[in-house]
Amino acid sequence: MRAMSKSLTILGIETSCDETAAAVLRYEDGRATLLSDVIRTQLAEHAPYLGVVPEIAARAHAELADLTVAAAMNASGLSYAELDGVAATAGPGLIGGVLVGLMTGKAIAQAAGKPFIPVNHLEGHALSPRLSEDCPFPYLLLLVSGGHCQFLDVRGLGDYRRLGSTIDDAVGEAFDKVAKLLGLGFPGGPAVEALARNGDPKAHDFPRPLLNRPGLDMSFAGLKTAVARASANAKSEAEKADICASFQAAICDVLAEKARRALEGFDAGAGDKRFVVAGGVASNKAIRAALETAATAQGARLIAPPLRHCTDNAAMIALAGAEHLAAGLCETDGLASSARPRWPLDEASAKADPVFGAGRRGAKA
């Protein structure tokens, strides 16, 4: 498909995990303007189970998808005829939810006679800072979420090279498991972060796995095991706070050191060195502060999306769809695309060097 230079208006749909989201975005001259941005969470549905239940998530998406899209279109003040395309997450993620959003998007595109753009959810996160920041390529990306933790060299749209990944648990997964061990409820990340503010980060000398090993690969399973041992005897809120603070400090140390190494070897070309952090865990203030320090020490600028766009959202999906459509990089027939529970962002290198155990839902990158 050839590139488009005119202003583009795109409907984006996101249903890969436990948020049902829709957004309408206008893209012109490389700049995005959000016309609507609707996110419906499923926290109440999953809280009793202390985690996301795929079947419950899929049913909730099926109930909410049409209503969420209608709300986004109404808020934008536009009709479907005024859209230039429809983008939806086609993976990776929980397959039941991905299917709901994908089929909803295809149906709207078919009925309105508009192009359909299947979007990689991870690419949505990778591009998310461009919703609100001037963030030209290339840049170093740390994608850190419940299912992923990886450093990527982002050279351009569709041009991604993995530099390092977790070899077992993702950071967000580790936060959720620590919260479960301490009985802090769901979602675990915000609960651990909140309690950590009242604790002593030096109370426990938790391991920093792979910290001194060359390269950018990470591991968090051993840290989680150490927390499990410490939490077995933790009864008071003060003891739990110390565990949370010490755990979070270990995470910060690992991410900051790996970021320092990544930035040290990153080729920014003739431009400024930019370090982007994206994904749900990017909303953690302690982690942001540690990464900011690492970036500054390497003469780089840390860029992160607003908190609303760190977690799953449809604005980033609409942006990815718009950028692909504008560049003429869309599939010839997006309606023929399939839902993909696994979809590495750097597909070529992932086939040559797959990462196993990259998150709670298996090796997706």
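Cβ from N, Cα, C; glycine included.
Long-range neighbours of His125 (Fe cation binding site) (same chain, six or more residues apart, CB within less than 8 Å of its CB): Leu143, Ser145, Ala278, Gly279, Met316. If you look up Swiss-Prot, you'll see His121, His125, Asp312 marked as Fe cation binding site, on the strength of sequence analysis.
Sequence annotations record features per position, and here Swiss-Prot assigns substrate binding site to Leu143, Val144, Ser145, Gly146, Gly147, Asp176, Gly189, Asn284 based on sequence analysis. A strand conformation is recorded for Leu143 (substrate binding site) in the three-state DSSP classification.
When other Cβ atoms within 10 Å of the Cβ of Val144 (substrate binding site) are tallied across all protein chains shown, the result is 27. In three-state terms derived from DSSP, Asn284 (substrate binding site) belongs to neither a helical nor a strand segment and is classed as coil. Across the residues annotated as binding substrate (Leu143, Val144, Ser145, Gly146, Gly147, Asp176, Gly189, Asn284), the two Cα atoms farthest apart lie 17 Å from each other. Around the Cβ of Asp312 (Fe cation binding site), the number of neighbouring Cβ atoms within 10 Å comes to 26. The secondary structure of His125 (Fe cation binding site), as reduced to three states from DSSP, is helical. Around the Cβ of Ser145 (substrate binding site), 25 further Cβ atoms fall within 10 Å across all displayed protein chains.
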